[in-house]
């Protein structure tokens, strides 16, 4: 639970390289959301050198999905510590089990799911081009991540789609065009100027 705090949560999903990070930065800047990346929180935990961090690092190296409880706890702590009440949760829930656990543990259902739809070829091209020195930006790992994304995340998207909560974005377009589509979706959350 987040105590007495009432929050708006938007799940941001899309394959690796679909442009989630870039668009989340734009949403933060224009609509005042706080961006929580499950991946960044996990990487920060790894850097902390904690026992938890070591376990997470080993799972990521093997291309496995970190247990829901671990990620949810990191997300909850981040939301509680933050002054804001509007959150973009990026790269989570990764699978149906994550989704159910998040709703059970936090009692929060997302306002909607922002889904960046992008072809595997385009995502691969982007990932190989970005080369941020991440251990998981090599072709074998990238293909493994695509496979995991398709097998695990699509059921989550279908679940929310059945509840009419998925906003699909064509993420193959150039960044400014993608952001125009994003802005249209987030218009109701525009900060009062």
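Indices start at 1 and increase along the chain as displayed.
Cβ atoms here come from the backbone N, Cα and C positions, even for glycine.
Note: TrEMBL annotation is automatic and uncurated.
Less than 8 angstroms from the CB of residue 21 (ATP binding site) sit 37, 90, each of them six or more residues away in the same chain. As annotated by TrEMBL, ATP binding site applies to 17, 18, 19, 20, 21, 22, 130, 173.
What TrEMBL records for 43, 64, 65, 66, 91, 92, 93, 94, 134, 145 is ribonucleoside 5'-phosphate binding site.
As annotated by TrEMBL, CMP binding site applies to 98. Around residue 98 (CMP binding site), a 10 Å sphere centred on its CB holds 23 further CB atoms from the protein chains shown.
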### Query
Where the distance is taken from Cα to Cα, which of the binding-site residues 43, 65, 91, 98 turns out closest to residue 19 (ATP binding site)?
91
### Task
Return the residue, from the listed binding-site residues 18, 22, with the maximum count of other C-beta atoms within 10 angstroms of its C-beta.
18
#### Entry: Candidate nearest residue 98 (CMP binding site) in space, where candidates are the binding-site residues 17, 18, 22, 65, 173 and distance is Cα-Cα
65
